[in-house]
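Undergrad: So TrEMBL has the following annotated:
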BINDING   Cys3, Cys6, Cys18, Cys22  Zn(2+) binding site
REGION    36-56  region 'Disordered'
COMPBIAS  39-49  compositional bias 'Acidic residues'
Amino acid sequence: MACPICGRETDPKYRPFCSRRCADVDLGRWLTGAYALPVEDDPEDEDRGPDEAPRS
């Protein structure tokens with residue numbers, strides 16, 4: 001299995017990464033917002049005012 005950051009072989013201690021450095025690089029990317037999950041806008045959200053709670 002290849003490290004998703006640098007492509008080297010993974011180390012079981014840091015899997016799926018090859019080193020602590022690559023694991024920290026990945027964590028930093030999540031914390032700074034470099035990675036994001038895609039979301040679709042809900043058309044019903046546009047109908048509510050800012051003080052209204054979302055409907056469940």
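Backbone N, Cα and C define each Cβ position, glycine as well.
Show me how these features fit into the structure around them.
TA: Around the Cβ of Cys18 (Zn(2+) binding site), the number of neighbouring Cβ atoms within 10 Å comes to 21.
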Undergrad: With an 8 Å cut-off on Cβ distance to the Cys3, Cys6, Cys18, Cys22 Cβ center, who else from the chain surrounds the Zn(2+) site?
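TA: Filtered neighbour residues, in order: Ala2, Pro4, Ile5, Gly7, Arg8, Thr10, Phe17, Ser19, Arg21.
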